[in-house]
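Asks: Questions regarding the structure given below will be posed in turn.
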Amino acid sequence: MTQKCVCFDGEGVLWHAGEPIPGASEVINEITKLGYRPIVITNNASKSVEQYYQRFQKSGYNSFEMSDVITSAAAVGTYLQKIGLDKPNRKIFVIGTAGFVSQLRLQHLQVITTADFDGIEFHTMELDPSVCAVVVGSSEEFTYRHLAIATRFVIENDAILISANPDNSYPYNPKVLVPGAHALSVSISVASGRQPKIVGKPDPKVFEAIPGYKDIDIKNSWMIGDRLNTDIAFAKNVGLKSILVLTGVSKRDECEALSFEEKPDFVCEDLAACLETIKANQ
């Protein structure tokens, strides 16, 4: 039996800087009552799936199952497994949060972090030849030292460079944008001369991370997001109906520069308006 779903982005749609956006939980509950399965697909790799689920429970987002939380951290782990980097003789150098590292370890990947190099002379140290990938998430502690170590692994070990998402920035709050994972990975790319592999939306393969995705009625399902280049592009790539909600990064006038095929199906001021749009277009 097929099922309808509504996919939500996280930052800028359901919360700002970890704080729930007022009214979001009520909208999600109403969408569930309409017969839709609510799913979160976030490019934020700073937390594990379990950490996000716990956040949802504390925030009153009780309509989600843990299996309906899809993060780019988990997507990175799945990608690394698919290319064989979960083998015992393979290691991953990760720049990112403790939650990101935790998620990758839960997926049976051998992770080393920037902390493993504290106190070591990074210019002349001997590199571990088993490090096969450099994975970059968001990090408020990113330094020149981290950049240099990552660059050495990419050049000298021929390690694959992976960005946990294509986000150059993300909203700390409605007025402040801060650098995202891709901004950090690009600095390593420039230093090493290697292009990063980008995981996360808008890649349609992220949709395949949803348990039971083959049973989802795509034509009658939705994506609600605040970014044209990731959320709305993802919806277009998958075939979902799309709503740009204006509580995050992208603005209404940015849609004017897009082709008809690239534009969101609807633009709404907030989640309450998204709910009314879905009701009117079932």
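Using N, Cα and C of the backbone, Cβ positions are placed for all residues, glycine too.
OK, TrEMBL features for this one:
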| type | residues | note |
| --- | --- | --- |
| BINDING | Asp9, Asp226 | Mg(2+) binding site |
| ACT_SITE | Asp9 | active site, nucleophile |
| BINDING | Lys201 | substrate binding site |
Asks: Which whole-number value in Å describes the distance between the Cα atoms of the residue listed as 'substrate binding site' and Asp9 (Mg(2+) binding site)?
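Replies: With distance taken Cα to Cα, Asp9 (Mg(2+) binding site) is 10 Å from the residue listed as 'substrate binding site'.
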Asks: Taking the Cβ of Lys201 (substrate binding site) as centre, how many other Cβ atoms lie within 10 Å?
Replies: 31
Asks: Note down the number of other Cβ atoms within 10 Å of the Cβ of Asp9 (Mg(2+) binding site), including every protein chain shown.
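Replies: Total other Cβ atoms inside 10 Å, all chains included: 25.
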